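> When I checked TrEMBL for this same protein, it listed these features:
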DOMAIN    280-351  domain 'PAS'
DOMAIN    353-405  domain 'PAC'
DOMAIN    437-570  domain 'GGDEF'
DOMAIN    579-833  domain 'EAL'
TRANSMEM  33-48  transmembrane segment
TRANSMEM  114-134  transmembrane segment
TRANSMEM  146-168  transmembrane segment
TRANSMEM  180-198  transmembrane segment
TRANSMEM  218-240  transmembrane segment
TRANSMEM  247-269  transmembrane segment
Amino acid sequence: MIKRFPPGFWPTALACCAAQALAWTLRLPGQYAAMPALGTGVMLVLLLRYGRAAWAGAAIGACLWPLLSRVGLPLLLPLAALQFAQAVAVARFLPQFGRGGELRVHDGLRFLAVGPLIGAGAAASLGVLVLYLFQARGDAPLWAQWLLWWWSDAQAMLVALAVYFGLAYRRRDPRAGLELALLVAAAVGVSTLVYFPPWPGLGDLQFLLFPLMVWAALRLRLFGVGLAGLITTLAAALALHLNQTPVLAAVPMVTLLVAVSITGLLLSLSNREGAAAARESRLAGQVFQNASEGILITDADARVVAVNPAFTRITGYSRAEAIGRISRMFGSRGRQRVANREMLEKLAQESYWQGEMLDRRKNGEAYPAWLSISAVRDEVGEISNYVGVFSDYTNRKEAEQRLHFLANHDALTKLYNRTAMHEALGLAVGRAGEEQRQLAVLFIDLDRFKAINDTLGHDVGDELLKVIAQRLKSSLKDTDLIARLGGDEFTVLLDNVQQVDDVAHIGERLLTELCRPIVIQGQELFVTCSIGISLYPSDGLLPAQLLKNADVAMYRAKELGKNNYQFFSPDMNARAFEHLVLENSLRYALERRELILHFQPQIDIVSGELEGVEALIRWEHPELGLIPPSSFIPLAEENGLIVPIGDWVLQEACRMLKLWQVAGYAIPRLAINLSARQFLREQLPQQVAATLASHDIAPQRLELEITESMIMQNPQRAVSVLGELRAMGVKLAIDDFGTGYSSLSNLKHFPLDTLKIDRSFIVGVPEDEDSAAIAEAIVAMAKKLRLKVVAEGVETIQQMLFMRRSGCHAVQGYLYAMPLDADGLLRYLAREGYAAAGPVDASPAK
């Protein structure tokens, strides 16, 4: 079956061949650079018209004339191929310039850069190089041939662009036919006077080309520019051919043609944009006059410069009365002072504001208005005008809004009150029951608040409560509900709790935030709080139960010394008994080989390659199941078992790393958490060195993670220990950064390699602006200290992308993998292609 040629193949091939033939006929004597470069122009138009379908036809058409003419075939074929490549390259860029309907001035400027400047210049350079290699330089200097080649191709592209886009976007206007005929006659006449003067001296009339092109641009737009350019170009080429003009004499003539065409092109595009802007202005004026909403426009100083008829109808002020006056929407009287200041700040930042405001009609009647204001900026970004659009909003009365607010908010702190909290808690419990998810209630009571109130007075106490309320709001998400129940009691409702550990992290964050010093009336106050936490559905199914149980847990926190948080337990005595049983079981956990290691991968955030894994301890209790470290590590720290447990973790992790290494699993680095007691032991460096040596592991494969508080307890000792570890090649990391001292000015004195951002700062990003700002600041400062940054707790794509944009090096979290046992880690590595699978005996060491 004979394959059909694509549309446009034959027209393209024949047109390109004919253009090449004509260009060859009109070329200057002894020159291979055609003037005019008809092949380039025709090829560019056809490639724009038919796209990729015309590539084959253009290629064949470009090479067909050299084959038929057999004149200098070895030289003409590469020149034809160069011409084809030039047209394809320029055509590839042009369609995106004209998207949206028509070419604009900046599109024309980009075309000039891509086509006549870069495309034609590059083709001329390569063409002259070909002539040089084939020793076909002719009599003229190479630089003159290069200029003639460049300007000829540039002129062809300018004419082709104008003709193509002029035909594509030309509006049908019956009256344009006569003027088009006049333009053709004028172009022929001017070309005759300039290039074929009836008597000597008229050749100096080339300046007539400029008014001809100005007329074409202003009256007949792009098509007129292209038509006039085509006629004058053909006339100039014919004159050069008939007069056997030398190359050096032809260059100025072609240069002038290019200048004239550029002038016409840009003038036409500018005139088109001006006409479009005028049409848009007329349309905007009609919308302004006929809109049902009131519209007023002010200058940057809020002085009214224009109003529409709807403004007069709503306010009662005539246009003459409003023009020149300062708009009341920017006034600063009475209660609206704060609101207007906030509105202006938002306008300055975001250029837009909307909301309600209370306005008055000319007769003095007050009415609520829904107002949208947009800031209009000038070329340098400064606000030049404000446009306000408003409508009468009398259905929402200010008094009703105020009453509704007072009914649901605390008058002092502006937080939700007890009534609103009960209502919100009831709705949240209903949703949680339907969706089968958890929620948490935090009951917060300030420690020793009564003493402050009695000693310094109720004014100081009230200011203190305001500061506490503000800190609670700044420490929590906008979706978390905060209420003041009365006195110094606050509650927080955390909806959609994923893990209990998340609630614990929030409790720790609130304790840290609220205990910061507060200065009121010159008095520096230190306030702590006790927090009780109840969870739905485990601690209650009704709102009252949840609040009561959170209150009980809060009192338990006070009994344990205040300034801590406690989760509710149905029986505190039973809780203490369980605590004792767990502590006794922990003493035998090592002997019974109940402790195991889980591993969580760390992934390079840019390349996606495995950065390392972190070893995480778990307790596999025979009766209670898998116990997380948060439940038994505090016990181990209290009774001293943390030291032997830490030693076991170091030994077991290195044993596993060696097994994986032998089995062919390329794990770059294994991270291990050190406890405070373990870190402060004098023999720690020697113990680490001995462990690495016994398992034949390179020191740089091991990373030890410590916390800020550990090194700040004894900075001098920390510098010594870290220095010894660093000297042997072990990598050092700061874990949970941001939850302790968070002082990079101190950390710069310690020999560290890695900084790990605590997951509490990752949970809210990028939605929580505060968490996002903190995370970005930590990454930026750490990079200044040449520390690698690892983000913990990355669970969503959005969090990962945000950390990557911030410059973070690596991440770990549920987005990639949860902590896995040894077998699960190997399956994960094999599945993700990080290492070759192979059998490994991962049973704990005896």
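Any Cβ shown, glycine's included, is placed from N, Cα and C.
Automatic prediction, not curation, is the source of TrEMBL annotations.
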> Between the transmembrane segment (180-198) and the stretches 146-168, 218-240, 247-269, work out which stretch tops the count of Cβ pairs under 8 Å.
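Answer is 218-240, with the largest number of Cβ pairs below 8 Å.
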> Work out, from DSSP, the number of helix, strand and coil residues along the domain 'GGDEF' (437-570).
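Counting residues per DSSP class in the domain 'GGDEF' (437-570), I get 58 helix, 41 strand, 35 coil.
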> Please give the average pLDDT for the domain 'EAL' (579-833) in this predicted model.
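Reported value for the domain 'EAL' (579-833) is a mean pLDDT of 87.
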> How about long-range neighbours of the transmembrane segment (218-240): same chain, 6 or more residues beyond its ends, C-beta under 8 Å?
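Non-local partners: 26, 28, 35-36, 103, 155-156, 158-167, 169-170, 176, 179-180, 183-184, 187-188, 190-192, 194-196, 209, 212, 250, 253-254, 257, 260-261, 264-265, 267-269, 271-272.
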> Would you list the DSSP helix, strand and coil counts for the residues of the domain 'PAS' (280-351)?
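Summed over the domain 'PAS' (280-351), the classes give 40 helix, 12 strand, 20 coil.
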> Using DSSP, tally how many residues of the domain 'PAC' (353-405) sit in helix, strand and coil.
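In the domain 'PAC' (353-405), the DSSP-based counts are 8 helix, 30 strand, 15 coil.
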